[in-house]
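**Student:** In case it helps, TrEMBL gives these features for our protein:
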type     : residues : note
DOMAIN   : 44-293   : domain 'G-protein coupled receptors family 1 profile'
TRANSMEM : 29-51    : transmembrane segment
TRANSMEM : 102-123  : transmembrane segment
TRANSMEM : 135-161  : transmembrane segment
TRANSMEM : 200-219  : transmembrane segment
TRANSMEM : 240-263  : transmembrane segment
TRANSMEM : 275-295  : transmembrane segment
Amino acid sequence: MQGNTKKNQTVISQFLLLGLPIPSEHQNLFYSLFLAMYIITILGNLLIIVLIQLDSHLHTPMYSLLSNLSFSDFCFSSVTMPKLLQNMQSQVPSIPYAGCLAQMYFFLFFADLESFLLVAMAYDRYVAICFPLHYTSIMSPMLCVSLVVLSWVLTTFHALLHTLLMARLSFCEDNVIPHFFCDMSALLKLSCSDTHVNELVIFITGGLILVIPFVLIVVSYARIVSSILKVPSARGIRKAFSTCGSHLSVVSLFYGTVIGLYLCPSANNSTVKETVMGMMYTVVTPMLNPFIYSLRNRDMKGALVRVLCKKKILFCL
């Protein structure tokens with residue numbers, strides 16, 4: 001009996017990623033689409049980071065947080081997209097066991113980092129709109145740095161915790177992951193070990209990492225809207241609702257899919273549904289953030305013009 005157990009618990013050296021349920025005749029079309037989306041994500045977020053670094057007018061707490069968010073989006077998309085694109089052109093879409101755990105770690109790390117940075121940005125906007133006279137003293141450079149450092153430290157420990165818990169599990173003969181990346185819930189379904197501890201930790205830490213930040217963001221923007229409505233100004237109200245609406249749309253897209261996928265799992269969740277939801281927050285959200293947070297922003301457009309003019313003058317000289 002013991003020999004059969006050892007035989008069944010074969011050491012798996014790699015996993016097979018099934019990827020996206022795309023018909024073979026449409027494979028090249030979707031490959032081109034995802035490649036274009038990834039390039040837009042990379043260029044858009046890099047442009048934001050470069051502009052904030054080069055233009056002194058953008059050396060403020062708000063844009064410092066935005067620069068970190070863009071870096072997070074850049075890395076978050078890069079954790080899954082290159083492997084997805086490679087596997088779409090491969091006959092055997094595999095990933096090594098160690099590579100799978102590494103991908104899961106960095107996926108969790110940058111997803112958590114995005115969550116915390118969105119909270120910090122919501123708080124920054126709350127202070128700027130509700131306490132404009134005290135904004136400089138409250139949102140000091142020290143507080144801004146502390147928020148960013150705290151976000152990095154918490155995400156490091158959270159991602160490491162789940163990765164170590166996953167590493168202790170055994171995987172038997174089934175090594176096919178019905179996803180385009182090493183998703184934590186998909187890996188748990190493949191394990192032949194007891195996964196109750198992993199599931200309990202996901203539920204508990206998920207509440208801390210996802211639900212609480214989401215509630216804080218909603219409360220911050222509810223207070224912002226309430227504050228704006230107290231001062232009747234058509235232009236101010238329009239601007240506030242434009243800012244809040246665009247921010248909350250991305251927040252809802254990111255948190256809604258993640259919470260629905262990991263904290264409210266359903267037996268009816270099909271593989272296709274989970275894959276589509278995964279695409280929404282791993283590919284679509286990082287691509288939309290540069291447009292919503294920055295490229296529509298007057299300060300960012302002004303910085304782009306100033307940087308281009310400066311480069312043009314230097315080129316002429």
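Here the Cβ of each residue, glycine as well, is placed from N, Cα and C on the backbone.
Mind mapping these onto the model and telling me what they sit next to?
**Tutor:** Looking at the domain 'G-protein coupled receptors family 1 profile' (44-293) alone, the prediction's average pLDDT is 84.
Packing against the transmembrane segment (29-51) from elsewhere in the chain are residues 20, 22, 58, 66-67, 70-71, 73-74, 77-78, 81-82, 84-85, 88-89, 283-284, 286-287, 289-291, 293-295, 300, 303-304, 307: each is 6 or more residues past its ends and has a CB under 8 Å from a CB in it.
Among residues of the same chain six or more beyond the transmembrane segment (102-123), those with a C-beta under 8 A of the stretch's C-beta atoms are 62, 65-66, 68-69, 72-73, 75-76, 79-80, 83, 95, 147-148, 150-152, 154-156, 158-160, 162-163, 166, 181-184, 187, 209-210, 213, 216-217, 220-221, 247, 251, 254-255, 258, 281-282.
Beyond the transmembrane segment (135-161), the same-chain residues lying 6 or more positions past its ends with a Cβ under 8 Å from any Cβ of the stretch are 61-62, 64-65, 68, 105-106, 108-110, 112-113, 116-117, 120, 123-124, 127-128, 201, 205, 209.
Outside the transmembrane segment (275-295), and at least 6 residues removed from its termini, the chain residues within Cβ reach (under 8 Å) are 20-21, 34, 37-38, 40-41, 44-45, 47-48, 66, 69-70, 73-74, 76-77, 79-81, 107, 111, 178-181, 183, 246-247, 249-250, 253-254, 257-258, 260-261, 301.
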